[in-house]
Each structure stands twice: as C-alpha cells, then as structure tokens.
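Annotation comment: Swiss-Prot describes H112, H116, H122 as Zn(2+) binding site, evidence class sequence analysis.
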Amino acid sequence: MNRILINKELGDRSITKKFVKEAVEKILEHLNIDNVEISITLTDDSTIKEINRQWRGKDKPTDVLSFPIDEKPPKYRYRILGDVVISLPYAKKQAEEIGLPYREEIIRLLIHGILHLLGYDHERSEKEAQVMFSLQDEIFENIRSYFSRTTQT
C-alpha cells in the first residue's frame with residue numbers, strides 16, 4: 001500500500017485526482033514498489049516557472065520537475081520518495097504538439113517524474129538517458145494499454 005498525496009491547484013476537469021492516483025499506483029506496481037509516499041502537484045506555468053528558476057536556475061516553465069527525498073523516518077510506515085510537480089497547461093500544449101492525447105501525456109510525465117525520484121537521470125550521460133527512456137517507454141505502453149481498457153476512469 002502506498003500513500004499518494006495529490007495537490008491540484010487548477011480546475012482542469014479532464015485530469016482528476018482519481019486518474020492521477022490510479023496512474024501513479026499502476027506505475028509503482030509496474031516497478032514493484034510498495035510502501036512509499038509520493039507527492040504529486042498539478043499546477044500552472046507561472047508556478048512551475050518560479051520553481052524551475054528557484055531550484056534549477058532556469059527562468060522558464062517546463063513540463064515536469066522532480067524533487068527526490070528518499071528517506072524513511074523512524075516509526076513512519078512509508079519510505080518517502082519525494083515530490084513531482086507537473087504544469088497542466090504546459091503538458092496540454094506539449095501533448096498537442098507531439099500528437100498524444102492529453103491524459104496519456106500526463107501519464108508519460110508522471111512516469112518520467114517518478115523515475116527521476118528513483119535516481120534515473122537522462123542528463124548525466126547518453127547511456128543513462130537510454131536506460132531511463134527505455135524503461136519510461138516500457139512503463140508507458142503498459143499503463144497506456146491499461147487505461148485504454150478502462151476509459152471510464
């Protein structure tokens with residue numbers, strides 16, 4: 001059992017907390033990860049731009065940011081993985097540009113962010129990028145097929 005905390009700062013009805021929680025559960029299940037706490041924040045471009053500027057020195061919006069914590073406080077049931085922040089407007093625009101349904105782009109960004117929390121990094125080397133993106137694609141296809149079968153989510 002995992003603890004998934006979702007903070008949705010926008011009224012975008014096409015991306016529900018239920019959908020995000022279910023997607024995160026499926027991602028963690030695919031990775032055989034249990035008893036973790038993860039925080040997902042769904043926000044706007046100006047908020048993610050400010051976070052990106054403050055923490056990465058990049059004064060521009062982005063699709064997803066990850067902040068790994070990876071600690072297990074004494075007597076706390078869960079290992080805390082960290083926080084994933086996604087800009088919904090950025091994701092929607094990006095989905096349109098690459099020809100992916102909006103909800104599938106959110107799934108892709110959740111996978112990407114969670115992999116970063118687990119220590120994967122596509123910016124360190126080409127080999128690490130290959131490993132990360134290969135795993136990301138594998139998980140995406142698995143989760144995508146699950147959600148295509150359960151379109152009532």
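Heads up, the Cβ atoms here are built off N, Cα and C, so glycines get one too.
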Environment of H112, H116, H122, the listed Zn(2+) site - residues of the same chain whose CB lies within 8 A of the CB centroid:
V64, S66, G113, L115, Y120, D121, M132, Q136
DSSP three-state assignment (helix, strand or coil) for H112 (Zn(2+) binding site):
helix
Using all protein chains in view, find how many other C-beta atoms are within 10 Å of the C-beta of H112 (Zn(2+) binding site).
21
Name, in the order they occur in the sequence, the residues of the same chain whose CB lies under 8 A from the CB of H122 (Zn(2+) binding site) and which sit 6 or more residues away.
E128, A129, M132, F133
Which residues in the same chain, at least 6 apart in sequence, have a Cβ under 8 Å from the Cβ of H116 (Zn(2+) binding site)?
S66, P68, V84
